[in-house]
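Structure first, then comments.
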Amino acid sequence: MVDLIVGLQWGDEGKGKIVDLVAKNYDIVIRSQGGHNAGHTVVVDGKKYALHLLPSGVLNPNATNVIGNGVVVYPKQLIKEIRSFEHNIKEKLLISDKAHMILDHHIAIDQAREKLRGKNAIGTTGRGIGPAYADKIARVGVRMGELRNIPKLIEKLVHYYEMNKGYFDYLGIEIPSISKLEEELKEYKQELGSLITNTTQYLWDNMDKNMLLEGAQATLLDIDHGTYPYVTSSNTIASGALTGSGIAPKNLNKVIGIAKAYATRVGNGPFPTEDDGKAGDKIREQGGEYGTTTGRPRRCGWFDVVAARYAVTLNGCDEVAVMKLDVLDGFDKVKVCVGYEIDGEKIDYFPSELDDVKPVYVELDGWDGSVHVTKWEDLPKNAQKYIEFIEEKIGTKIKYVSTGAERNATVIR
């Protein structure tokens, strides 16, 4: 049985908490796409864990964690994360030999190109994700399994650098020496080599077990279905998770969509419900809305039903979790976007271009006292009405309501 968790907004929805909450029900937790640009924070027993590449299942001692073929792996970051744990998590970690590797030149390219874009900057995290995926598509990328034969890999990379010397010179990027390259690759092999395997076959061999596919980033950042070009470089929707793991669609049991009780976005790109006034500032401060990966303040605004319904439909969600409801405590009124207006015309669907979209809002009464509530009946009545309103508009059951950072601060309906 395979369940899947996917973000419904622009990322940072709190997927890690729900994965951590339900991971005890799963034998295998799989990360299927993205790279260390994805950051999620999980709080357990008061201790905060910031994960970028590792699946959230690492906090469950009984789960095997898989980094799938669709992930782009920066070995330095992965080694750093593994070492940050007091106990040995390697015994329960597998890395796909087909997952592509981010090398330092990918990061240098990413940062140099973003700088050259000037005012047209996309807002990339500068972690080398796009260039690594670009090399994958161009069929010149490096896969984790190639660490098994370092001399052959070095030969391949030397040829790559020779072919791209003009481009590197244009961007002002220094090509690493062979000795430095060899030293780094040997360290990667020493630290990670024993974990690299055919994870697709492993998953096929264990289809009788309970599995959880954990998406990174979120629907509105999908390379095809998101707010292009202000998107990530992979398919972040449910179908992308299947491609990034090798799991067949027929094996999928349930899709759980994750959304905040409001909306946030990091970096550039359209954001119809953004509030750059006092309300947005209050949400940011009460919600601690600063990027796990970059530390950048997130842009904040109101819940967007149109975007959420679009995401729920794209992913085929069976149920939804609404996160950080407690952040909206203390507002006299809360807004919900129920439609868009473009050139005076009202629409209720998510268009491919959002630049000229204006939100159409309804206002609901606010509430106080939702923090750390664990039972539906204990939530303030107006908070209940808020959840029920969103549930009706998106047409999918809201099963989980998060009321705090701790794992147990969750209402399960």
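Placement of Cβ uses the backbone N, Cα and C atoms for every residue, glycine included.
Note that the structure is predicted; figures quoted are calculated from it, not measured.
Just one of Arg284, Arg296, Arg309 is listed by Swiss-Prot for the same IMP site as Asp12, Glu13, Gly14, Lys15, Asn37, Ala38, Gly39, His40, Thr125, Arg139, Gln217, Thr232, and that one is Arg296. Using a 10 angstroms CA-CA radius around Pro297 (substrate binding site), none of the binding-site residues in Gly11, Asp12, Gly14, Gly39, Gln217, Leu325 qualify. In the three-state DSSP reading, Lys17 (GTP binding site) counts as helix. Of Gly14, Lys17, Gly39, Gly295, all annotated as binding-site residues, the residue with the shortest Cα distance to Gln217 (IMP binding site) is Gly39. Gly14 (GTP binding site) has its Cα within 10 Å of the Cα of these recorded positions: His40, taken from His40, Arg296, Arg298. Using a 10 Å Cα-Cα cut-off around Gly11 (GTP binding site), the binding-site residues Gly39, Thr125, Gly295 reduce to Gly39.
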